[in-house]
Structure formats: C-alpha cells, structure tokens
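Novice: Below are the structure tokens for one structure; questions will follow.
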Amino acid sequence: MLMWPQPHLPTHPHLPTHPHLPTHPHLPTHPHLPTHPHLPTHPHLPTHPMMSKETRQSKLAEAKEQLTDHHPQTNPSVGTAASDTKKKKINNGTNPETTTSGGCHSPEDEQKASHQHQEALRRELEAQVHTIRILTCQKTELQMALYYSQHAVKQLEGEARDLISRLHDSWKFAGELEQALSAVATQKKKADRYIEELTKERDALSLELYRNTITDEELKEKNAKLQEKLQLVESEKSEIQLNVKELKRKLERAKLLLPQQQLQAEADHLGKELQSVSAKLQAQVEENELWNRLNQQQEEKMWRQEEKIQEWEEKIQEQEEKIREQEEKIREQEEKMRRQEEMMWEKEEKMRRQEEMMWEKEEKMRRLEEMMWEKEEKIRELEEKMHEQEKIREQEEKRQEEEKIREQEKRQEQEAKMWRQEEKIREQEEKIREQEKKMWRQEEKIHEQEKIREEEKRQEQEEMWRQEEKIREQEEIWRQKEKMHEQEKIRKQEEKVWRQEEKMHDQEEKIREQEEKMWRQEEKIREQEEKIREQEEKIREQEEMMQEQEEKMGEQEEKMQEQEKMRRQEEKIREQEEKIREQKEKIREQEEKIWEQEEKIREQEEMMQEQEEKMWEQEEKMCEQEEKMQEQEEKMRRQEEKMWEQEVRLRQQEEKMQEHQEHLEAAI
C-alpha cells in the first residue's frame, strides 16, 4: 500500500494544550479546514520519491500486457529472446500462424476471466465509494464538532483570562488583607498592652478607693465622736456658766448679809473657783477651737478625697468605654476578615471548578482531534486505493477497446495485416520508448522539483516545529512556574492565615488565662480585705477599750496618729500622683500612636489632656492648700504663744490680786 507524505500542519496559536497529554505531530488543528462533503479529490497527487521505480516497472508491464492481448507471441514470460526469434522468422518468410497458435489460451476464456475480474473490481469500487462517502460525512461532522469545540475553547480562553484577572485581583486583595491583618494585629497588641496597663491602674485605683473608703469611714466615726464630745463640752460650758452666774448671785447676797471677814473668805474661795472655772473655760474654748479646726480640715480633706474618688471613677469609666470601643472595633475587623476569607475560599473553589471544566474540555478536544486524525488517515488510504483502482479501470477500458479493435482486425485481415500490425507494433514500441524516455525525463524533472519543494517545505516545517516546540516549552515552563508561584503564594497565604489564627487563639487563651488570674487575684484581694476588715474591727474594739481607759492620752495619741496618717496619706498620694504622671506620659505616647490611626481617639486624647490639666490644677490647688495649712499651723503656733503670754499675764494679775488682798488684810 502506498503511503502519501503527510505534511506537518501547524497547530492553531490559540488552542490550549494540556501539559500532561501527548500531542500528535501530524494532527491538523487549524480551524479553516475544508468541510464540504462533495469536494473532489485531486487525481494527480504527488508520488513518493521512493516509489518512482515501481511506477516505471508497472507502466512497462501494462504495455507488454497490451501487446500480448493483440499478439499472443509477445508473452512476457519469454523475455527478449522470443522477440528476437519473431524478427528472424518474419525476415525468413515463415508462416505466422505457427507462431500465434502455440502456448496461448482461447480468447473466450480470456474475455470471461476479464469480465469476472472487472465485476469484482466494480464491487470493490462500489464498496470503497460507499465507505468513502460515509467517511466524508463523518469527516464533515467531526470538522463541525471541531469548529464548535474550538469556538468553545475560545470562549473558555476568554473566561480563563477573566479568571486570571480575577485571580490577580484576589491576590492584590489578599495582600491588602495581609496588611490589614498585620495592622489589626499591631493594634490588638497595643490594645492588649493598653488594657493590661489600664487593668493595673484599675487595680491600684480600686485599692486606693478601698483604702480611702476605710479612711473615710474612720474619719466619719471620729467626726461623730468629736461632735459628741463637742456637745458634751458645750453642755458642760453652759452648766459652768450657770454655776458662775449662781456664784455671782451668791456673792452679791453674801455681801449684803454676811460680815466682811466672811465675805473676804468667801470672796477668796469664790475667786479661786472663778479662776479655776475661767481656766477650764479657756482650756475648753481652746480645745473646742482646735477640734473645730481639725473637723474643718478633715471635712475639707474628705471633700477633696471624695472629689478625687469621683474623678478616678469617671476616668475608670472612660477607660472602660475606650476599651469596649476598641474591643468592638477589633471584633468588627475580625468579622470583616472572616467574611473576606470566606469570599476568597468561595472564589478559589469556583476557580478550581472552572479549571477542572477547562481540563475536561481540553481532553475532549484532544480526543476529537485524535479521532479526526485517524479518520483522515483512513480517508487518505482510501483515496490512494481509489487512485489505484481508477488507474486499473482506465487500463481495463483501454484493454477492452484494444481487444475489440484486435478482434475486428483479426476477422477482416487475419493474416494479411499481421506484418503491418507487427510493424505498427514496432513503431508503437519505439514511440512508447520515446514517450517513456520523455516521461522519464519529465518525471525526473518533477521529482527534482518535488524534492526541492519538499526540502523547502521540510525546512520550513522543521523551523516552524522548532519554533512551536520552543514556544510550547516556554509556555509550559511559564505555566508550570506560574502554577508553582501560585501554589507557593497560596500555601504561604494559608500558612500566614493559619499562623495568625493560631496567634489569635493563643492570645485569646492568654487573655482568658489573664482574666482568670485577675479573677483569682480579685477573689484573693477580697478575702484579704475581709480579713483586714475583721482585723480592723478587732482593732477598733481594742481601741475603744483603750479610749475608755485612757481618754486624754488616747485623744492626744489619736491626734498624733491622725496627723501621721495624714502625712503618710499625703506622701502616698504624692507617690501615686508621680506614678499617675508616668502612666499619663505612657498613655500620651500610646495615644499619639493611636492618634495617627484613628481620628476619634484624637478627640478622646484631647479630653484626657484637658482632664490631666484639671488634675494638674487640682494638684497645684492641693499644694496651695498645703501651704495654707502650713500657714495655719504657724498661726496656731503664734496663737499658742499668745495664749502662753495671756496665761503669764493672768498669773501676774493673780499675783497682783493676791498682793492687793494681802494689803487689804493688812489694812483691816
């Protein structure tokens, strides 16, 4: 069977190739293939360069068979020697019938055999024509399917480009999300630190509040006791004043009734009583003034402490509100991130499904192309067979015509025209030889041209194939690199997301552990506070017993203790204020960082600054008040000195009174 040279058809530039499926080197994939079912096949197809000798030999054999049909003497089995003997016999004038009769079959048998052979060939030709028509129909159907599949491939290429653009957008979005995640993580870390500092401040403030409440209760109790004492002192004072008035009345009555000596003795006694009473009154007045001053100072301190407590409570509430707002913002950001991650997962799933559909469609296209290639090969083989059968049919027709001519010539001329026929046959042989020579020359020229064309085509096709192979290799390498980069990026993103989620979980667990620790610490603090309260109640009971036993000493010691406590509290307040200042400086730094991120926090920072200025003003006021207290203490010292001077004067007056009484007694 002849094998026609199959040209290396170029592949379509827009047809996607699967990297794992083998492509056929001779597979026609150009979309503009002929699809008409009645296209005529060209009869003069180029012959293969290796089959030129066989075609020449077949032509020579056909010419010899024609000669044997006319003249049975020209048998191909005899060879060149039989032709030489024929020429000799003709020249010698021998009978031609002797040469034609020996070693040949009858013409009727040859005609029957030729008719049978022709009928068999016709049947084969009809069957082959039927198969060719079926194959042409299948070819048209496959070409239509190829056209539609290529159209679908173009659509899928457009969809793939859209998906690639979406992928790039999703990568950009993923990068933005990573940046947002990093920003959120930093914000969360800052918020956690800020929350820890605020919790520490809250704990310190709660302890201060607890201590201040305890001191307030103690001061209230002391104030109540002092008020009771003041009431008692006032009642005693009123009683003493009544006693003084009664004594004065008694003196006046005694002056009127009793004699002078008794009057002097009673006057002396009453004077002593008056002096003692006046001294007691002065001492009580001084004590009352001191107690009033102390009460006023304690009330002022109570008011200040209450104001500070209210301010601290307001600050704590504001900080808790800030923390809640930050937690709400973080939750909203986490929800947004989760939604965006869900959208990303959905998009990736859609992309995977679409890629799977693309792969399936490409595999179907490859299978269709392979089917087309196989059917085209079958069609080419059938066309080759058709060409061979057409040649055989032409030869048989020529033979039949020649047989008819020969039979007519045999009937008409038989022996007389044998010599002419032989001469004609010789002339025909010479012409055939000349024609064969011409055919040989033409075939050689055609073969040379075909060889040149085929070499050029082969070179062009080889160059095209090399370029296409290079392009395909580059495309495959590029695709594999892109896929590897995409997979690496996706893996990195997934690893980052998982790491961030693990970090978030770890942070949440740490926060929970810290909260549990805080709860435990608060419970411990509460237990300690309860113990302290119990101990304080016991101490109070003991102090009350001691106060009942030693009222005066206890009062003085309490005053000293109160003063020392006040000093300690003031020192603690100063230390706390210094701590608060340091914390405020830290808070300012944090607020400056947050101010760059959020405008709302700027407003809150301004409020905090205003509050801090108020605190500074309050601290300045406290300093001024302390200075005033020092001035008041100096005034008290001065008053005490004046009191000492007054006492000295009273003593001098008493001495003068005694001298005057002595003079009176001496005069009497």
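Using the three backbone atoms N, Cα and C, a Cβ is placed for every residue, glycine included.
Keep in mind the model is a prediction, meaning the values are calculated, not measured.
Pasting the feature list from Swiss-Prot:
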| type | residues | note |
| --- | --- | --- |
| COILED | 177-663 | coiled coil |
| COMPBIAS | 15-41 | compositional bias 'Basic residues' |
| COMPBIAS | 51-72 | compositional bias 'Basic and acidic residues' |
| COMPBIAS | 73-83 | compositional bias 'Polar residues' |
| COMPBIAS | 91-103 | compositional bias 'Polar residues' |
| COMPBIAS | 106-120 | compositional bias 'Basic and acidic residues' |
| REGION | 1-120 | region 'Disordered' |
| REGION | 323-356 | region 'Disordered' |
| REGION | 384-466 | region 'Disordered' |
| REGION | 481-591 | region 'Disordered' |
| REGION | 603-639 | region 'Disordered' |
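Mind mapping these onto the model and telling me what they sit next to?
Specialist: Beyond the compositional bias 'Basic and acidic residues' (106-120), the same-chain residues lying 6 or more positions past its ends with a Cβ under 8 Å from any Cβ of the stretch are 69, 396, 399-400, 403, 407.
Mapped onto DSSP helix, strand and coil, the region 'Disordered' (384-466) counts 78 helix, 0 strand, 5 coil.
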Novice: In the region 'Disordered' (323-356), how many residues does DSSP assign to helix, to strand and to coil?
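Specialist: Across the region 'Disordered' (323-356), DSSP assigns the residues as follows: 34 helix, 0 strand, 0 coil.
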Novice: Quick one: average pLDDT across the coiled coil (177-663), no decimals.
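Specialist: For the coiled coil (177-663), the model's average pLDDT rounds to 74.
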Novice: In the compositional bias 'Basic and acidic residues' (106-120), how many residues does DSSP assign to helix, to strand and to coil?
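Specialist: Counts, helix then strand then coil: 14 helix, 0 strand, 1 coil.
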